[in-house]
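Listed in TrEMBL for this protein:
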DOMAIN    A:89-295  domain 'Cytochrome c assembly protein'
DOMAIN    A:315-643  domain 'Cytochrome c-type biogenesis protein CcmF C-terminal'
TRANSMEM  A:6-26  transmembrane segment
TRANSMEM  A:38-60  transmembrane segment
TRANSMEM  A:96-113  transmembrane segment
TRANSMEM  A:125-142  transmembrane segment
TRANSMEM  A:175-195  transmembrane segment
TRANSMEM  A:207-229  transmembrane segment
TRANSMEM  A:273-292  transmembrane segment
TRANSMEM  A:352-374  transmembrane segment
TRANSMEM  A:394-413  transmembrane segment
TRANSMEM  A:425-442  transmembrane segment
TRANSMEM  A:448-469  transmembrane segment
TRANSMEM  A:621-640  transmembrane segment
Amino acid sequence: MLVETGHFALALALALSLVQAVMPLWAARAREPALRQVAVQAALGSFACILFAFAALTYAHATSDFSVLNVVQNSHTAKPFIYKLSGVWGNHEGSMLLWILILTLFGALVAVAKNAVPPVLRANTLGVQGFITFVFVLFLITTSNPFTRAVPAPLEGNDLNPLLQDPGLAIHPPLLYVGYVGFSITFAFAVAALIDGRIDAVWARAVRPWTLTAWSFLTLGIAMGSYWAYYELGWGGWWFWDPVENASLMPWIAGTALVHSTVVMEKRDALKVWTVLLAILTFSLSLLGTFIVRSGVLTSVHSFAVDPTRGVFILAILVLFIGGSLTLFAWRAPLLRQGGLFAPISREGSLVLNNLFLVAACATVFVGTLYPLLLEMLTGEKISVGPPFFNATFIPLAIPLLLIVPFGQALAWKRGDVLAASQRLFAALAAALVVGLAALALTWGGPVLAPVGVGLGAYLIVGSALEIVARARGYGSNRVRGAGLIWRRATGLPRSAWGTALAHAGVGVAVLGIAAQGWATEGLATLKPGGTLAAGPYVATLDRVAPRPGPNYEETAAFLTIRTAAGDVVGHVDTGKRFYPSRQMAVTESGLLTVGASQVYASLGEIQPDGVGLRLYYKPFVLLIWIGAVIMALGGGVSLTDRRMRVGAPVRAKAKPVPNAVPAE
Amino acid sequence: MRRAALLLAAFLAAGPARAVQPNEVLPDPALEHRAREISAGLRCLVCQNQSIDDSDAPLAKDLRVLVRDRLKAGDTNQQAEDFIVRRYGEFVLLRPVFGLHTLLLWATPLLAVLLGGFGIWRLARRRAPAPERGLSPAEEAEVAALLKRD
């Protein structure tokens, strides 16, 4: 019964989203502003409906209701409860529903954010948002209905893919989807501006919190996915340049460019048309990220089962939104008033360069991901584009980009001074040189690129700190002395300044972690109990191999003691091989021992009578990669709490305090 | 495509990647290092986007052994790689060769930077402030007329 009600709620949401899509346009045509209010109600209504449907599906999963096909295909009575819940979105239908839930949540947030967005822009944005919701709910109901019944209901389900039975599944997709879907708001704003034919600094201010929110979540989502792949896939890599990863990286890069170009637009009234285009592209890439894998044109390790009938619908959706919005752009963009000068040597000039390199990197990933497909279609030739290609093309684009980060910060708006900026960055450049050379000297004979990366990371971190110091100290005659005074003034700086510095320092931290992987070492051996294997400064001793059954799997685990070369015990690690009978699948559970920011990574191989195959990695400072990403996202969050963002752009703070209109971080 | 899917299914059923096995490792560390370098650039044909160095598929193992055999026979890295490419086609190379059919692929980063740079240059030029120009006599007359009418 609840399942049917959930199904009905979906249908209701379909109707409401159509109302939401049509009313703002009608309000504009009929010159009847009151009708705009209907879009607000409809947005709240469709959110409530989707929330109910999602709750109904969750209930079906939680209670293992095997009369629902989706539950049969992805659940099992013996599956741990947390995976019964996260299993709701561990499949195509459920993840689509989650996607739509977040879409309508953002719609509802825009609907209630009265002070953050001017009324006409808000209504048009809701209209565009409603249209997106309509199309996706239609897609869900017609091709991927999560509420389809299984008749007769089986006694047991097929269980969830073992690789997905991990806490990572509970966190990774929701974060990622908030990121992807958050950009739908930016997209809706852009399309609304194109429909309205008006765009200005108010638009840029209104759109920035949403862009930052989406970007921060996407950053966390990608980092979480990367860490999950790192420990779950069991071969120790943290980024594989897999099509799915690339699909999530592209909107992130475009979103990063967007976050920066809206700053230029807000401050200098320049780059308007470009920002609108970027907003459209970012969401288009998000759509591509969500769907290209499901459409069956690209396959990858982490794709859901592919159904060709969905492919056509998905491609139609992509053509509709991407093609439609780009056509609208081509038609309406010339109407947008161009404004703002920019000098090449200035803060805005450096932000333009940032956009140039980011977009070039994004284009490289895009072409690299889709090129084999196109080439095969056109000529029948089959080639592979793998990590060596991306490393060879992406890194040369990333290095100049990272070099200009502190530099751009040190330049003034309108007209910068290269010499003054270099002087301000002297400490950062010196730190980079010292740290890089020290790394090179300490690891003489090792990889050459790694010390360069370490220097770059130090440069970014110190550069970000210098920016805060310089701003707190003030310029010219306002310059102050004394560490205490500078610190007091630093705490009074706008939150956006701190957010920027944090995010940039986070990039530096991640770069340090990535560079340090050049010194990762690996050991490989067949061990009997008592045998040892070394990796880096640590030695692992195999204590014993023993069965360790779980609720819905059988496992053989190897228990290891990790010691330093001198023989002191550092800790214990266990790694196992699990077999899931319901899916006839085996997976490896890697064992991790964290020492500071470094990790010892153990992974069990073949189990044979003469011993077990064991792989041991030493990953120096590997955690910095993800800690850096978290700091980046934190920077986005801190920026969001800036007073400028809390207070609605067009509304001056009146006697009445303005309610918090920004979505929670 | 379907064959690939079947093979993928078979591969997944066999378990995830475990890569190089201890018994495959060559006794000579320098030679082994070269073998690892080559393997990291060769695609496992039955998996999705994995190098043979990372993959546990039986075919990947065969290829790893083959690479090591070639190195033991005295091949250079390039010769060993060429040998595999002759047998399995260009598809095995994770780093596509530079050629006419991959020209656009390899040129993308440079093209993107150049095109974008050109666009920015034009933008900066177009935005150069126009020299201050006074009103033309016709416009002056028009202004005067408007003012007089008031």
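Each position is counted from 1, following the chain as shown.
Heads up, the Cβ atoms here are built off N, Cα and C, so glycines get one too.
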Positions whose Cβ lies under 8 angstroms from the transmembrane segment (A:6-26), at least six residues beyond its ends
32, 35-36, 38-39, 42-43, 45-46, 49-50, 52-53, 55-57, 60, 100, 104, 107, 123-124, 126-131, 133-134, 137-138, 140-141, 145, 147
If I take every residue in the domain 'Cytochrome c assembly protein' (A:89-295) and average their pLDDT values, what number comes out?
90
Mind pulling out the one from A:96-113, A:125-142, A:273-292 with the most Cβ pairs under 8 angstroms to the transmembrane segment (A:38-60)?
A:96-113
Lying 6 or more residues past either end of the transmembrane segment (A:96-113) yet within Cβ distance under 8 Å of it, the residues of that chain are 13, 17, 20, 39-40, 43-44, 46-47, 50-51, 53-54, 57, 88-89, 122, 125-126, 129-130, 132-133, 136-137, 139-140, 144, 146, 173-174, 177-178, 180-182, 184-185, 188, 210, 290, 648, 661-663
